[in-house]
Amino acid sequence: MFSILQGHAGFSRDLATGIWREIKAEDYTFAKRFSKEHPEGKPASMPFKFDVIEEHDPQSLAEMLPLMRRLTSDPHIVAVRGRCLAPKNNVRRKKGNFNVSNPSNIIAMDVDGILDTGGYDKFNLVGMARHIIKMLNSISEDMFPLDAGFIAHASSSAGLKPGIRMHLMLESNVKVTQGQLKFLFTSINDSSKQKFGFDIADLAYYSSVQLHYFADPLFSDGIVDPFKAESKPRLVYVKGSKVNLPNNLVDYETTRGEFKEEFYSLLDQIKGKKIASDKVEETISELEEADDGVYLRIIPKLYHRALEDGVDFAWLEREIKPALSEYIATKDNSRNIQDYFNNGRKQALKAFVNNSKREIPLNLKGVPLKKLEVDSPPEVPYLKINIVPPKGHITFVKASLGTGKTTAVTKWLDAGVLPGNFLAVTNTRALVSSNAKKFSAGQYDKSVDMLNFKRGAIDRMSTTIHSLHKFKSFIGQIDTIFIDECDAVMNDLLFAPVVKQRRECIQVLRDILMTAKTVILSDGDISAETIEAYGSLIDFDKPVAFYNHHRKMLSKAHAYEFPDESSIWVALQTSLEMGEKSILVSDCGPDELNEKGMALRRNTGALVKEIHSNSTSDVDIRRILDYTTNELIDQQIDCLLCSPSVTSGVDFNYFDNVFVITRTSNQAPNMRFQAIRRDRGAQNIYYFIDKSTSGFSAGSEQYNIDEGWLELAQQLYARRRELESRNYTSTLRYYLLDQGATIDIFSESWGTIEGAGKEYTEERIKAILHSTPDYCAPRHADAYEAKLLLVRYYHLESIKDVTVEHVEQYIKDKPNDRAAFFHKMHEMFWEDIKKCSNVTIKPFIEALKGKKKDFFLKTGQSANPKYARMYLGMMGIGKDMNTENIVDWYRTYCKIECMPIPFKFMTEEERAMAEEVMSELGATNEDA
């Protein structure tokens, strides 16, 4: 459906003079005008109001052709896709006035600035149109036949600027809406960027009530239309086949989410800052100086930034009221100030929720998903499913954290409704052990259990995803597979370095998913990407069903967001002084947790213990991890300071408060939310998130989905990670609000606690100095290993030569950590690093931009180039760009890890010897 519009005739007030001026319909020109005054072309008119003069619904290209002839030849009319719902005179171009969901057989594309013309002359519209169709065919030959018919129209700058610049009309076999076309061409553009390096279609064409400017440009002052000068037509029609689109294309808006009135209630749960951030100040200034675009552009941006930065909306509205009132009085008297406030809140909330929420659609890119109902009454928080999931399906169980997903599976097993061999898969060893206990199952890492499973003495097993290849011989014998934490399992399968035999694990997973009678996948973080990754692994050969059990498990909880890390430690110390029980989860690292634990014990007298990679072998810590709440009671613990990786999957119900510090974006926001839920009963949550966490880059645009399932699934997860981490803090806030918590956002620091840096450094030095093969001090399990590494890196004769100074230097330099990171980097970046200097590191930055995907896959860290200097530091390379130390350390690292030293890091003597050996091998090969 095309509505044909002309500008509405009437009076317009000149803002400078206050004089009203009459404007006729023909005064509005919807063609670009080229003249001496505007050699680059004066843009087309943009009236505030229109008259709808005609409506057309062409069913074919043949019917579209006369309409195109009219639209291209009359500069005073313009088109909109959609049927007008309002009175046709004096109508504003907004979504509510037009039904934009009318399906049509006509596909309109705006192709703008593609430099690859296929070798055709810039006036050869037929050749260039066929070249576009050829590119579309290379992306999907089923949808876009090479002999597709088309109408091609030269856009205003065609012939004047390089590249393909045209409006291209195709005819579809089925009727589709603009929203469906936006979804289609979003996917087409993703493939096009990977294949050709550019977008094929301009997606703005498919926005609601977007003006379609078809009028040919106007030329004056001796400037000649280049097409007329060449005697070439600006409009051509070629008959041919139809485009073959699937009849179940989803609408783009359904993939982006919609606004719901219930979103407004989220604002009641937030108490924001009464101070503007820099971004909010900048947008307020833009508002104060604006002549137009305030309602649709500036206000939504202002509210979106305010919500992201935690600024209180009521305070913001008081601040902007004077400027907005003046704008309404002088430039837009058709709306009142509350309309602006409501639109800002609505647009900000829509983006806030839909950029963060993980939803399961009923139709996933054409694949229908069947929603199953749970048996839990609305007032009951815990998950109850009376009937076992259907056989022959892949069934996802999405339920809020702490509602009993694994308990439901345990009940099915106990009831005997999951007969035969049962395999539970998860992503951490701690959860393997936990699931083994819950399901009365054997463990993959116990030989006797594997043997008993093989001979049929037991029929239940628990394993990690990285050990799934061990079950290759059991393919066809597994009756039920249960994947616990399935979203995290898939993430590990795609990216985690711990999965050494990745492709074999993928193949075994695929075969078990195909052959198992019952497939159950459970997680609180399931999204469309989760389902697509698992479903596409088996080409959706099994129907997909899902349960969605959402409960507000934090409805009585209060969260407090702090502006800096030091405030968290002050709040934690205060809670201990008040006699409260507290747990802190932080990515600070073992040494900092140990130092803070020492300070808190000294400052408060509380019993504080640290759980991290260097303490899990300590007896007291091991018992806490194994026996959780009961052991905390027995040890009378006041406070735990924990690393998130060590406590993943370990749940407590003991503490009054949870504290969370997030310095880096190495873990996604949903994993930090799981850290917040480490204690299921805590009602006070204190958190700090460093600003550097936002803007995570996983190089999603650099994956080649034509390579197969692995790259397709990696791209799905990488793109979701980037979206959710675009504003890390905002996403985490949504998770808290969604679970019912209230949030107070503080703008002022609470100060600092008295640290124990000096005392802890002395303790760490003593721990390394006095360590032996049989003894390491508590919380310093790596001390003897550090001592041995120190000897190697500083080229000492033996551990007897280690001095306090050596240990101090080792603690400062961290040579093994630097070399280990350098090992991941040097193949990709060494040549670029060598080009850097103390003046610029641009060569490294540019290289990082081009290898984002590879960097993320190697390191698991953000490939955002803004961290380039930090990554050089992590390689032991300072601002002086001196690489002598890291080369020496890396050579030592290779020897420690029994790896050959790369040729580029060899000494002259080593190179000569290596070349000699290679020469001898070559001679031997020739002789053979």
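Cβ atoms are placed via backbone N, Cα and C, with glycine included.
As the structure is a computational prediction, the values presented were derived from the model and not from experiment.
Your range for motif 'DEAD box', going by Swiss-Prot and the list 48-51, 484-487, 560-563, is 484-487.
In terms of local Cβ density within 10 Å, A399 ranks first among the binding-site residues A399, L401.
Tertiary neighbourhood of the motif 'DEAD box' (484-487): same-chain residues 396, 405-406, 424-427, 431, 435, 521-523, 525-527, 530, 534, 649, 670, selected by CB-CB distance under 8 Å and a gap of 6+ residues from either end. The ATP site, placed at the center of the C-beta atoms of A399, S400, L401, G402, T403, G404, K405, T406, has further neighbours from the same chain whose C-beta lies within 8 angstroms: Y382, L383, T407, G524, H549. In the shown protein chains, 24 other C-beta atoms lie within 10 A of the C-beta of K405 (ATP binding site). For S400 (ATP binding site), the same-chain residues 6+ apart in sequence whose C-beta sits under 8 angstroms from its C-beta are P381, G524, H549, H550, R551, K552, M553, Q739. Confidence annotation: the domain 'Helicase ATP-binding' (386-516) carries a mean pLDDT of 94 in the model. Sequence-distant contacts of T403 (ATP binding site), defined by Cβ-Cβ distance under 8 angstroms and a gap of at least six in the same chain, are P381, Y382, L383, H549, R551, M553. Taking H, G and I as helix, E and B as strand and the rest as coil, DSSP gives the domain 'Helicase ATP-binding' (386-516) the counts 64 helix, 23 strand, 44 coil.
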